[in-house]
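Enquirer: I have a structure here, written as structure tokens, and I will follow up with some questions on it.
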Amino acid sequence: MGNIQYLAAIPSPPQGVWHLGPVPIRAYALCIIVGIFVAMKIGSVRYQQRGGNPDLVIDAGIVAVIAGIIGGRLYHVLTDNQKYFCADCNPVDVFKITNGGLGIWGAVALGTIAVYFYLKKKGVAFALFADAVAPGIILAQAIGRLGNWFNQELYGRETSVPWALEIYYRVDASGKFAPLTGHSTGEVMATVHPTFLYEMIWNLVIFAVLLWADKKFQLGHGRVFALYVAGYTAGRFVVENMRADDATMVFGLRINVIVSVVVCAIAVGALFALRRGRESISS
């Protein structure tokens, strides 16, 4: 990338991993953990307000987290398989999820499916539950995007805008290039669009919209969840087109762009097709 001088820019963290003795403390993992707790707390409060048992959110949340991690990693590995199964790659890296690489599509899809069957076994209505937890999920996604900032990943094309993000050259203790686990040398490799920040801000906007729309229109029967999916995928479509990292291409488009369009269309259709009004826990 070019050696362009910028008047202002957003610095990346000098590192994304700290060590407590032999134990690595990864910012990416911490952001995900904080997001999970925030989502569970908000979901518990909202589900209780709808007449549900808040403890169920915690139980279902554990199911969702386990399934989400598996689904997210599977989606990432399948759609970015060239990063793990090439001549110079180490397939063992597939299991190093703390280094980053959780596809949100796979996480939400498998997490949702797992929770659906868990609630069905418990005899609990899925739609009411999904509406209660949807705002917390999008807020958790916003928090999780901070992990990409620490990892210096998922950024956009080079730019000279004042809010551009500086990507530092990081090395490990031996001086080898280590973008995820190393420490910054102070050298700026590139100044790019902070797409992680764009998506984080968009997710915060959707969080506010969900709370507002839910209160104003008394949404129910799965419509809050549908609005969440539609809102998130619309923003992801825009952000995905700004990213510069390697991606699997289908018909000349990034695969996540195609997924965004398809899922958004389904969610919008569901939003208008689902029943109006809000159901009670006993209905």
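Each Cβ is built from the backbone N, Cα and C atoms, and glycine gets one as well.
Values in this document were obtained by computation on a predicted structure and should not be read as measured data.
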Enquirer: If I go by Swiss-Prot, the feature transmembrane segment sits on one of 51-71, 219-239. Which?
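Expert: Of 51-71, 219-239, Swiss-Prot gives transmembrane segment for 51-71.
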Enquirer: Would the transmembrane segment (192-212) and the transmembrane segment (255-275) count as touching if the test is at least 3 Cβ pairs under 8 Å, pairs 6 or more apart?
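Expert: Output no: the transmembrane segment (192-212) is apart from the transmembrane segment (255-275).
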Enquirer: What residues elsewhere in the chain lie close to the transmembrane segment (51-71), defined as a C-beta under 8 angstroms and at least 6 residues from its ends?
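Expert: Contacts with the transmembrane segment (51-71): 36, 39-40, 43-45, 97, 102-103, 106-115, 118-119, 122, 124, 128-129, 132-133, 280-282.
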